[in-house]
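Straight from Swiss-Prot, the features:
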- 29-194: topological domain 'Lumenal' (TOPO_DOM)
- 98-172: domain 'PA' (DOMAIN)
- ASN155: N-linked glycosylation site (CARBOHYD)
- ASN172: N-linked glycosylation site (CARBOHYD)
- 216-250: topological domain 'Cytoplasmic' (TOPO_DOM)
- 300-321: topological domain 'Cytoplasmic' (TOPO_DOM)
- 343-347: topological domain 'Lumenal' (TOPO_DOM)
- 369-377: topological domain 'Cytoplasmic' (TOPO_DOM)
- 399-429: topological domain 'Lumenal' (TOPO_DOM)
- 451-466: topological domain 'Cytoplasmic' (TOPO_DOM)
- 488-492: topological domain 'Lumenal' (TOPO_DOM)
- 514-540: topological domain 'Cytoplasmic' (TOPO_DOM)
Amino acid sequence: MSSFDPPNHRYSALVLILLLLGFSVAAADDVSWTEDSSLESPGCTNKFQMVKVLNWVDGVEGDFLTGLTAQFGAALPSVPDQALRFPAAFVDPLDSCSHLSSRLDGHIALSIRGNCAFTEKAKHAEAAGASALLVINDKEDLDEMGCMEKDTSLNVSIPVLMISKSSGDALNKSMVDNKNVELLLYAPKRPAVDLTAGLLLLMAVGTVVVASLWSELTDPDQANESYSILAKDVSSAGTRKDDPEKEILDISVTGAVFFIVTASIFLLLLFYFMSSWFVWVLTIFFCIGGMQGMHNIIMAVILRKCRHLARKSVKLPLLGTMSVLSLLVNIVCLAFAVFWFIKRHTSYSWVGQDILGICLMITALQVVRLPNIKVATVLLCCAFVYDIFWVFISPLIFHESVMIVVAQGDSSTGESIPMLLRIPRFFDPWGGYDMIGFGDILFPGLLISFASRYDKIKKRVISNGYFLWLTIGYGIGLLLTYLGLYLMDGHGQPALLYIVPCTLGLAVILGLVRGELKELWNYGIEESESHTPEDPMPVA
């Protein structure tokens, strides 16, 4: 392992910082609601459905609002063409807890939450002739409107739904100004299969595969020569000697534990101090890391066939001597990162974010490595617990899922942490994004990269090695993650809950069956034991 030249050392530190912020969560950036245990009784057996509330103010259509149907009441159509458009009117009294003072025939009734049961509000609105009832919540969440124990037989024949406080305030503002507000309600059905999740899965697996095979893809001749030398070194001395021109950071057992603890501290800081300026700083770090990762990838691809292009160099202030090609590529990458930063709130910004993120992760997996299965077990088992705790257990302590809140960003400013891949759900009427955190790619990616190196050094046929099977296991783990996401109605999943058993568990099982687990567990351990003061220390 070589000593660090200053620019590379600074970049490695940046990579480690961004890795600490590599969230491990698969989620859907989507509308959601607060679940409650609701009683079922005759007339109170409806499934909760998300509702689109189209609205017009003096004939001008505005952005649609989101609602949630009650467990009782009439069903809504699934397409707008089958829905009816009615004017909106506030009830009197506003809570709809007693007989209404005026008729509401041909109107959609608006009521505030509180003072009586939801079923009672619906009965009074229906008795006044309302075509539907919208209950305005006293907070931004949408709560499930169920039935009371006494509602043993309920017959409400109008649609009933809840909208958020901000949606109610927007409607109220228009109506206070004596504007004519009309509403149209329908509940679009989501597609049974989310095709964009498949694209995200391919991106994640593709990133890991490309990173693991990067040397073979960019310089196969040199890679074969390097692995031949490594194989001789391992067989004769039990040690590994990395490319002297390539900076490698091997994670140790202590470093693996420290890494997860530090990541948890970062996560809590983001949870408590999430603000636009904090996210700005992290986004700038992301841009720098992604830009340099993109530079490394573009340079490697160009030099694979055209090495002579890097011969001409130029000396620059502060930067020192660099090739003209590298300078031009840096300018292009800088322009790309700046353009994305400026346009990061646009509907197409996900493309630039994913490109920068993938470039960053491919480069990170070249810089940071696992030396053996022992360190991999410590790191991935700690990450396994870390993921489950911050997604599923943290709500019991912090009243919210810390991981999901941080991944979704600050809704008040529109800023979000960019350390995740995301793709818009093109075929979903509700829109939103499917997302996967960097951690769900980097943690298993470190293990799969180790498997690839091990297979190469041992000259394994692909079917008799570890790389192919761990890659398949990773894909299966991601499939299970999105199955869990689907079964839990889009609520964020700790992806490592599924990925770690399908990758690390599979590696251990294969090692046991092949009688190689001891070698995998202690692989390269002699290098650490024979370490001398003159040699660079592995990263802690």
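Heads up, the Cβ atoms here are built off N, Cα and C, so glycines get one too.
Taking the glycosylation sites ASN155, ASN172 in turn, the residue surrounded by the fewest other Cβ atoms inside 10 Å of its Cβ turns out to be ASN155. Long-range contacts of the topological domain 'Lumenal' (399-429) within the same chain, counting only residues at least 6 positions beyond its ends with a Cβ under 8 Å from a Cβ of the stretch, are 18, 21-25, 27-29, 52, 188-191, 194-196, 199-200, 203-204, 267-268, 270-271, 274-276, 279-280, 282-283, 286, 344-345, 347, 350, 353-354, 356-358, 387, 390-392, 435-438, 441, 491-492, 494. Long-range Cβ contacts of the topological domain 'Lumenal' (343-347) within its own chain (Cβ-Cβ under 8 Å, at least 6 residues beyond either end) map to 283, 353, 414, 418, 424. Of the recorded residues, ASN172 (N-linked glycosylation site) and ASN155 (N-linked glycosylation site) place their C-alpha atoms 29 Å from one another. Looking just at the topological domain 'Lumenal' (343-347), the mean pLDDT is 91. Only residues 6 or more beyond the boundaries of the topological domain 'Cytoplasmic' (300-321), in the same chain, are considered here, and those with a CB under 8 A from a CB of the stretch are 214, 218-219, 327, 329. Panel annotation: around the topological domain 'Cytoplasmic' (369-377), residues 240, 248-253, 256, 446-447, 449-450, 453, 504, 507-508, 511, 517, 520-525, 527-528, 538 of the same chain, lying at least six beyond its termini, place a Cβ under 8 Å from a Cβ of the stretch. Taken residue by residue, the topological domain 'Cytoplasmic' (300-321) breaks down under DSSP into 10 helix, 6 strand, 6 coil.
Counting residues of the topological domain 'Cytoplasmic' (369-377) by DSSP class, helix then strand then coil, yields 5 helix, 1 strand, 3 coil.
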